[in-house]
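In Swiss-Prot this protein carries:
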TOPO_DOM  1-447  topological domain 'Extracellular'
DISULFID  Cys3-Cys30  disulfide bond
DISULFID  Cys60-Cys121  disulfide bond
DISULFID  Cys60-Cys116  disulfide bond
DISULFID  Cys74-Cys105  disulfide bond
DISULFID  Cys92-Cys116  disulfide bond
DISULFID  Cys92-Cys121  disulfide bond
DISULFID  Cys186-Cys290  disulfide bond
DISULFID  Cys307-Cys338  disulfide bond
TRANSMEM  448-468  transmembrane segment
TOPO_DOM  469-479  topological domain 'Cytoplasmic'
TRANSMEM  480-496  transmembrane segment
Amino acid sequence: SRCTHLENRDFVTGTQGTTRVTLVLELGGCVTITAEGKPSMDVWLDAIYQESPAKTREYCLHAKLSETKVAARCPTMGPAVLTEERQIGTVCKRDQSDRGWGNHCGLFGKGSIVACVKAACEAKKKATGYVYDANKIVYTVKVEPHTGDYVAANETHKGRKTATFTVSSEKTILTLGEYGDVSLLCRVASGVDLAQTIILELDKTAEHLPTAWQVHRDWFNDLALPWKHDGNPHWNNAERLVEFGAPHAVKMDVYNLGDQTGVLLKALAGVPVAHIEGNKYHLKSGHVTCEVGLEKLKMKGLTYTMCDKSKFAWKRTPTDSGHDTVVMEVTFSGSKPCRIPVRAVAHGSPDVNVAMLITPNPTIENDGGGFIEMQLPPGDNIIYVGELSHQWFQTGSSIGRVFQTTRKGIERLTVIGEHAWDFGSAGGFFSSIGKAVHTVLGGAFNSIFGGVGFLPKLLMGVALAWLGLNTRNPTMSMSFLMAGGLVLAMTLGVGA
């Protein structure tokens, strides 16, 4: 599974009969969806980019000077004149120089002098700014079902599907082959102020240097360098890279201030680096809030027979995934396809299966399968795959796991923000409350009641509510009613 290889992983667990779940996807993260009776899926935000954004300004980092000319006049002879002064693309400076008999003037005094030089820009020495258009930014979301095949981090799963969204996109339906269809309706949000963001790109001259940065518009517009708009052949403020020496009679030296790339790179230290891939300019931050429809998903392999328990062997022994789950892979030498008998028991309870399978209904196929991921309660456990067994100690605590999943649920609801609430009708408002409860408490509820069946949870909720109605102490009554209501809501709810 894709999420297994990423550090930033979240789990969203649907309750009995779940048909829709709401996800918050961010760059660099991955969400695993599990729901009873449905295949598990990994969903992640793969990229945020715009193709060929519009250019705003080009800056020159190294001037190319040519055709220097100087004109001088003796005192009282009027101002010196060069026709280049009126030409676009030249830099000129007027001054006064000391004149006399030694330099061909009949009078001693200050005479007029003017120097001009043609200014262009050296090749591969430009810094170009690009601006994003919020309506053209593409958000790429990828979906991958848990098929039971092990896929390395640098490999691509054959069942991986891609959906793209913009601010005007509508619902997208992805076909996952034998696992049915999944629908995605995503609201997009960039993590930066696009109106104040410029991508500054340098002409690439060295492989080891970054070539683009994400900078503020005001900082970009204030750069003290020659600039022009795209398509204009002449540079504005070209004098910023030209220095004129002190005048001497009929001579005035012109100096090129040199390459300013190093100065610009020093100013960009600590600025977020932008990623450019071909004509795609990527954003480094942003998120999408997606409503995922699970109603047309279907489990694969439910009609398979159980595998022969004696013909399994470990290919990868159980290993900590780093996400509070255990991953393993087995090989099978018997008749295929078949369903893998897998369970786990806690110390002192040999008859109770405590494994919560992230890979639902694991199977061995004719061309693969055998990868299993599960979540176990903290403490000593024994994992059984057929007749294979492996002792496993799960670190952590149940209370800590509950707090962690609740914290993630609150973060998820905070990111969804106003879109989580529907005040248009009473039904919509109460539905929003139910969805918010699922978002915040769904993970904690699953951690506590993960191994409890539907009917026991239903009876527990009814019993708590009955105790609340029949308890005379107001505080106890409200506590029982709230607990019972939450258990019933999480058990009977169809949206998360």
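In case you wondered, yes, glycine gets a Cβ from its N, Cα and C as well.
Given the structure is predicted, the values throughout are model-derived calculations rather than measurements.
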For the disulfide-bonded residues Cys105, Cys116, Cys307, Cys338, which one has its C-beta crowded by the most other C-beta atoms within 10 angstroms?
Cys307
DSSP-derived structure type at Cys3 (disulfide bond), helix or strand or else coil:
helix
Which of Cys3, Cys60, Cys74, the listed disulfide-bonded residues, has fewest other Cβ atoms within 10 Å:
Cys74
Number of Cβ atoms other than its own within 10 Å, given for Cys121 (disulfide bond):
19
So for Cys186 (disulfide bond), how many other CB atoms are inside 10 Å of its CB?
24
Count, for each of the disulfide-bonded residues Cys30, Cys92, Cys290, the other C-beta atoms lying within 10 angstroms of its own C-beta, and report the residue with the smallest count.
Cys92
Residue counts (helix, strand, coil, in that order) that DSSP gives for the topological domain 'Cytoplasmic' (469-479):
8 helix, 0 strand, 3 coil
Nearest to Cys92 (disulfide bond) in three-dimensional space, by Cα, is which of the disulfide-bonded residues Cys3, Cys30, Cys121, Cys186, Cys338?
Cys121
Going by DSSP, give the three-state secondary structure for Cys105 (disulfide bond).
coil
Local backbone state of Cys92 (disulfide bond), from DSSP in three classes:
strand
Can you tell me which of the disulfide-bonded residues Cys30, Cys116, Cys121 is spatially closest to Cys307 (disulfide bond)? Compare CA atoms only.
Cys30
CA-CA, which of the disulfide-bonded residues Cys121, Cys186, Cys338 lies nearest Cys105 (disulfide bond)?
Cys121
Rounded mean pLDDT for the residues that make up the topological domain 'Cytoplasmic' (469-479):
79
